[in-house]
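Taken from Swiss-Prot, the feature topological domain 'Cytoplasmic' applies to 1-15, 63-76, 122-133, 181-187, 236-241. Among the features that Swiss-Prot reports, transmembrane segment is placed at 16-36, 42-62, 77-97, 101-121, 134-154, 160-180, 188-208, 215-235. The topological domain 'Periplasmic' annotation in Swiss-Prot covers 37-41, 155-159, 209-214.
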Amino acid sequence: MKIFNYKRVPYAEIRAFSVHILTASGSFLAFLGVVAASEHRFVDMFWWLGLALLVDGIDGPIARKVRVKEVLPNWSGDTLDNIIDYVTYVLLPAFALYQSGMIGEPLSFVAAGMIVVSSAIYYADMGMKTDEYFFSGFPVVWNMVVFTLFVMDASATTAMTVVTVSVFLTFLPINFLHPVRVKRLRPLNLLVVAIWCALGGYALLMHFETPTWAVIAFVASGIYLYCIGGILQFFPSLGAK
């Protein structure tokens with residue numbers, strides 16, 4: 001009699017559930033980011049956010065590869081992903097913006113409040129993506145926005161303006177880019193994302209003592225990613241095959 005029958009081990013279920021664990025690990029990375037931000041170690045916080053962004057980028061393709069929805073139909077990967085995204089894309093960046101004193105009181109409370117409330121409402125929008133996989137409205141990527149404000153050492157006026165405009169755009173039917181899933185200009189979009197990430201990593205290595213040329217290039221690449229969705233929306237033939 002065999003003590004262990006390997007044929008009875010639910011390998012498919014174990015493999016699928018491990019993807020959920022990978023996604024959920026983003027919550028611990030966010031916790032480490034909260035600890036760092038509370039101690040004003042913002043460079044460390046953004047490294048943790050960057051790692052969380054990496055996890056967020058790879059868990060979806062892996063989930064589709066191992067057919068997580070089919071194997072584990074009672075576990076919602078989408079719900080789990082939204083929970084982690086809200087913490088890492090919204091809550092932690094809003095906390096960092098407040099902790100940094102970049103805007104100053106009492107407007108820092110107002111800015112953080114606008115970020116977290118508008119983003120919570122956005123996540124409830126069932127029509128946040130278009131047929132071309134653009135996001136409809138600013139897709140609450142506050143981790144990228146707040147990081148950019150840190151890199152450029154934004155003034156209180158600039159930071160508050162960027163926050164206010166982005167919150168306003170959250171509820172407008174203006175397209176924003178999903179750099180991986182949108183097919184139009186995809187090679188260029190991915191190149192700009194790579195440049196943005198490389199320059200962002202360089203800024204962290206420099207502890208935000210970043211040369212002017214790098215700041216300009218970083219902000220320019222960020223503006224491209226921020227605006228290209230709307231440009232492609234108003235010029236539907238641009239980049240179309």
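Glycine is treated like the rest: Cβ placed from N, Cα and C.
Keep in mind the model is a prediction, meaning the values are calculated, not measured.
Counting C-beta pairs under 8 angstroms (sequence separation of 6 or more), the transmembrane segment (42-62) fails to reach the transmembrane segment (215-235), with fewer than 3 such pairs. In the predicted model, the topological domain 'Cytoplasmic' (236-241) shows an average pLDDT of 81. Same-chain neighbours of the topological domain 'Cytoplasmic' (181-187): 132-134, 228-229, 232, 238-241, counting only residues six or more beyond its ends whose CB sits under 8 Å from a CB of the stretch.
Below 8 angstroms of C-beta separation, residues 92, 95-96, 99-100 of the same chain, each at least six residues beyond the ends of the topological domain 'Periplasmic' (37-41), sit close to that stretch. Highlighted: of the candidate stretches 77-97, 101-121, 160-180, 160-180 has the greatest count of Cβ pairs under 8 Å to the transmembrane segment (134-154).
Counting only same-chain residues 6+ beyond the ends of the topological domain 'Periplasmic' (209-214), those with a CB under 8 A from a CB of the stretch are 151, 199, 202-203.
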